[in-house]
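Visitor: This is the feature table in TrEMBL:
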TRANSMEM  81-102  transmembrane segment
TRANSMEM  130-151  transmembrane segment
TRANSMEM  181-198  transmembrane segment
TRANSMEM  242-264  transmembrane segment
TRANSMEM  276-299  transmembrane segment
TRANSMEM  331-353  transmembrane segment
TRANSMEM  368-388  transmembrane segment
TRANSMEM  442-461  transmembrane segment
TRANSMEM  467-489  transmembrane segment
TRANSMEM  501-525  transmembrane segment
TRANSMEM  531-552  transmembrane segment
DOMAIN    696-754  domain 'CBS'
Amino acid sequence: QLTPSSFLRIGQMSNVDLNEDIHELETELPRQHPNEIPHNEKLLSLKYESLDYDNSENQLFLEEERRINHAAFRTVEIKRWVICAMIGILTGLVACFIDIVVENLAGLKYRVVKGNIDKFTEKGGLSFSLLLWATLNASVVMVGSVIVAFIEPVAAGSGIPQIKCYLNGVKIPHVVRLKTLVIKVCGVILSVVGGLAVGKEGPMIHSGAVIAAGISQGRSTSLKRDFKIFEYFRRDTEKRDFVSAGAAAGVSAAFGAPVGGVLFSLEEGASFWNQFLTWRIFFASMISTFTLNSVLSVYHGNAWDLSSPGLINFGRFDTEKMGYTIQEIPIFIFMGVVGGILGALFNALNYWLTMFRIRYIHRPCLQVVEAMLVAAVTATVGFVMIYCSRDCQPIQGSTVAYPLQLFCDDGEYNSMATAFFNTPEKSVVNLFHDPPGSYNPMTLGMFTLMYFFLACWTYGLTVSAGVFIPSLLIGAAWGRLFGISLSYLTKGSIWADPGKYALMGAAAQLGGIVRMTLSLTVIMMEATGNVTYGFPIMLVLMTAKIVGDYFVEGLYDMHIQLQSVPFLHWEAPVTSHSLTAREVMSTPVTCLRRIERVGTVVDILSDTSSNHNGFPVVESNPDATQVAGLRGLILRSQLIVLLKHKVFVERANLSLVQRRLKLKDFRDAYPRFPPIQSIHVSQDERECMIDLSEFMNPSPYTVPQEASLPRVFKLFRALGLRHLVVVDNRNEVVGMVTRKDLARYRLGKEGLEELSLAQT
């Protein structure tokens, strides 16, 4: 167990005071709740299971596949396309719902506060307006935080790390449930309306994934309804492919970028890929953008004008006014470096903050209080900045939604208010497109500084919210500042249009925080509707990624690591050739015989100390001449279904006479197999025998114990396995390689390091 001192290696000074405060608190409080949860980043949690991406090719499966003729396979293929279309339509509708509700609620809030501020500016007493604004924000965020903290904690954050883990093959509890979707959508509406420094784009990806997982199963376990459709897809292999389509549909609904969605799914999400999948995912993304577009254009009253493809629309950049020249390329690369450094700073700050949260703010009530505090502080900071700013711009020809006059002359508005007194999406578009001279450099500098810390503090709160838009906003603000100072330096020569630099700054900042390259380039190109900027955006993102990776890893990978998830990267650590399967594998292995006593099976499954999920099946031979070689592999879930249906006989030599189990029985139990404690086996039944030959997978993947770690890793990762049996040269089982054994090895600062496993 680690003391906090090992985590605050850097802030040694602050560390001392922290510890003393904690000890004083501990003596006063009765010890029912731990004040501090010791958390260490060098752990892998044992609570995460793998998904079975690999089909179990037992006799039942083979018989069913042989029965299916060509026409039936064609109907399955058609069903896949239908599901992808439905995923697209529903994701688009959910995005519309979020957008319309946020627009109306936020508009209502800003109108109320604006009326209040205008009233009090004349007769004094503006502190009441501040109170009103802060109270409105805190109360809205309180509701949003309570539903997340008390009902479904998985819905917190943007959900991209969780979906990334799910597509990598880690089963994160509750991540694709209907309840999570409802809480996610409500939570994101409330947190954006509550004025937090968050965007509604990240959660769309999670929502799309939940929708996909729900539709493809043809039933809802939360609502206890089974629609008896799509039963063929009730297994992890199929479900996971649809989830990657859902994530892509979410991206394309959020940014109006169908190609970007497919590439996002490929780059950040899916660990497995094939050509058919690409085409289906693209189809789902296109449908989702189209649905969002048509519904929103009907809602805005121009039914035939499909002009809003995504939740955020950066507006069109004109190529004539906004070309770039060769000599600007070094400037763009420099912006990329700045973005990488700022992104690394953001991630480092957020890392320490998250460590602090995991240790001390782990009770739901504390989490809600923290969220309300952040909401109130955000409102206060915004108000103080608007109040202190003397940057007035003429209202003529400007496109401000809620112009605040405050202390400006008639016919002018406060330009700091356009940045703070608005949803972040609108502020980004303003920074991109407002004509040169709309912003004072002082205003932009102060705004960047404040918003950077607010966004960093907000990410990781117990509310559903994304980090995409705040990072774009920070980047657009400093990028515009950069552009303005360039035109100062070059005495106002024409090529420094601030909007163009705002776009590059936004790309640099977002790339420096999340470290996506390919998909982000395409998303920015599609969202701005401009291909000419493809090359500079790519350069900026590459530079930001290289510079940022030199300091810390990306935000999503960092959060995955902080949650101790056994995540498998594309390659084994580079220096790991010295390790062999014998050193990596888990031993001893619990094996079952091909014909086994029911009592033995029940005892093995009920043993809490070893909650294995896969058991090698060995030859059950009484004489010592033969070797007990490996015959197959059977999963815990299959054994539970067998026990539940009581598939066993009195003595070993009787043939099976009862009703044959079908694959349907296994599919109906998926995904929530009953725990072994709920299955009652009487004393007489414990003496029966159970024959595993037709249920086990007779051809499991095996490796010899001399295989090197990179080789084992490649096999495991490329096939998406859950269990890899290690055998010796006589085909006897000597060990088992699971995800945890491979994820344990990681490249640290000093070279290869091994993480410890913990039951957290």
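Yeah, the Cβs are placed from backbone N, Cα and C, and that goes for glycine too.
TrEMBL does not curate its annotations; it predicts them automatically.
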Visitor: Report the listed stretch (130-151, 181-198, 368-388, 501-525) having the maximum count of Cβ pairs within less than 8 Å of the transmembrane segment (467-489).
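Guide: Checked against 130-151, 181-198, 368-388, 501-525; highest Cβ contact count belongs to 501-525.
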Visitor: Hey, which bits of the same chain come close to the transmembrane segment (331-353), Cβ under 8 Å, at least six residues off its ends?
Guide: 8, 10-11, 324, 452, 455-457, 459-460, 471, 474-475, 478-479, 482, 486, 501, 504-505, 507-513, 515, 536, 539-548, 550-555, 558, 562
Visitor: In the same chain, who gets a Cβ under 8 Å from the transmembrane segment (368-388) while lying at least 6 residues past its ends?
Guide: 126, 129-130, 133-138, 140-142, 144-146, 149, 194-197, 357, 361, 404, 406, 414, 416-417, 420-421, 446-447, 450, 454, 457-458, 461-463
Visitor: Compare 81-102, 130-151, 181-198, 442-461, 501-525 by their Cβ pairs under 8 Å to the transmembrane segment (276-299) and return the stretch that comes out on top.
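Guide: Checked against 81-102, 130-151, 181-198, 442-461, 501-525; highest Cβ contact count belongs to 81-102.
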Visitor: For the transmembrane segment (501-525), find every same-chain residue at least 6 residues outside the stretch whose CB is under 8 Å from a CB in it, and list them.
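Guide: For the transmembrane segment (501-525), the far contacts come to 251, 255, 257, 259-261, 263-264, 266-268, 314, 317, 332, 335-336, 338-344, 346-347, 428, 431-432, 467-468, 471-480, 482-483, 486, 531, 533-534, 536-538, 540-545, 547-549, 553-557.
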Visitor: Give the nonlocal contacts of the transmembrane segment (442-461) in its own chain as ranges (CB under 8 Å, at least six residues past its ends).
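Guide: The answer is 145, 156-158, 196-198, 342, 346, 349-350, 353-354, 357, 367, 370-371, 374, 377-378, 381, 385, 389, 391, 415-416, 419-420, 467, 470-471, 473-474, 477-478, 480-481, 484, 555, 559.
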Visitor: Can you check how the pLDDT averages out over the domain 'CBS' (696-754)?
Guide: 86
Visitor: DSSP on the domain 'CBS' (696-754): how many residues come out helix, how many strand, how many coil?
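Guide: Its residues divide into 16 helix, 22 strand, 21 coil.
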